[in-house]
Amino acid sequence: MPNFTDVTEFVLLGLTSRQEFQVLFFVIFLVVYMITLLGNVGMIILISISPQLQSPMYFFLSHLSFVDVWLSSNVTPKMLENLLSETKTISYVGCLVQCYFFIALVHVEVYILAVMAFDRYMAICKPLLYGSRMSRIVCVRLISAPYVYGFSVSLICTLWTHGLYFCGNFEINHFYCADPPLIKIACGGVHIKEYTMIVIAGINFTYSLSVVFTSYALIVVTVLRMRSAEGRKKAFSTCGSHLTAVTLFYGTLIFMYLRRPTEESVEQGKMVAVFYTTVIPMLNPMIYSLRNKDVREAVNKAIAKANVGQ
């Protein structure tokens, strides 16, 4: 029988054990985190004050930015602290809390991206019904569902994480409390946690991606039937930013969570996790602003108004 040990804290091994890279990584990720906060909070404020951005698409985009802020803030501050710390520890309760919010926010973002795909389908394929079908009440209901579902399913997943037992190895080969490296060092309760992690991830990715693929398949059919080249260009431009965000986010998560935890997959997953916890939340505001004419115009108007006020 395994000799189970009560655990009060874990050691986060981080991205690298080489001391000469610690300060460099601290500076890089601090800059990335500050850009993430400024970009996403700026996007939320811009959408809230700009009359031309009061459509369902930007309503959902503001929630995507909101989730990105919290997703990055759940992981990055502790990572920055550990980069300059000798101990590099996180308490057991803190680890479970980090797991809970990470799983919840990932599920929320996955389904917000699916809702945004459905919104693009309604706007392009059903333009005459768009105003009535995507009313404010409908949009609030559509955006509420991912939050309720994400935080509910995360509670169940975190309880399964709490059911893991450890036998003296408390070193997590990661920079935050992620399920795969926790499963890898556990010596009890592993099979049910591993099985449920893969099944739940598979179900959610399959369902949300089916919404995305179906929406865009119908969009492509509709766009190809358009006679106006300008109309086709505008339709594809509004979808391009969203497809880029979907590809980046889903691709990295699938690579991490739809594989059995092994030494190799955990090490590779640690590198991939940098993208969906720090880089993608930073890139999303850039992706949506650089390729979106309405957002660029709203920024210019906000800057012009600020200059006039001075």
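Including glycine, each Cβ sits where the backbone N, Cα and C put it.
The transmembrane segment annotation in TrEMBL covers 23-46 (among others).
What TrEMBL lists as domain 'G-protein coupled receptors family 1 profile' is 39-288.
Among the features that TrEMBL reports, transmembrane segment is placed at 89-118 (among others).
Residues or ranges marked as transmembrane segment in TrEMBL: 138-161 (among others). Sequence-distant contacts of the transmembrane segment (138-161) (same chain, six or more residues past either end, CB-CB distance under 8 Å): 56, 59-60, 63, 96, 99-101, 103-112, 115, 118-119, 179, 182, 189, 192-193, 196-197, 200, 204.
Per TrEMBL, the feature transmembrane segment maps to 198-224 (among others).
Per TrEMBL, the feature transmembrane segment maps to 236-258 (among others). Listed as Cβ neighbours of the transmembrane segment (236-258) (distance under 8 Å, sequence separation of 6 or more from its ends, same chain) are residues 57, 64, 106, 109-110, 113, 116-117, 120, 123-124, 178-180, 197-198, 201-202, 205, 209, 212, 216, 219, 223, 268-269, 272-273, 275-276, 280, 283-284, 287-288, 291-293.
Summarising the annotation, TrEMBL assigns transmembrane segment to 270-290 (among others).
Sequence-distant contacts of the transmembrane segment (270-290) (same chain, six or more residues past either end, CB-CB distance under 8 Å): 15, 29, 32-33, 35-36, 39-40, 42-43, 61, 64-65, 68-69, 71-72, 75-76, 106, 173-176, 178, 181, 241, 244-245, 248-249, 252-253, 255-256, 296, 299.
Listed by sequence, the residues of this chain that lie at least six past the ends of the transmembrane segment (198-224) yet keep a Cβ under 8 A from its Cβ atoms are 107, 110-111, 113-114, 117-118, 120-121, 124-125, 153, 157, 231-232, 235-236, 239, 243, 246, 250, 253-254, 257-258, 260.
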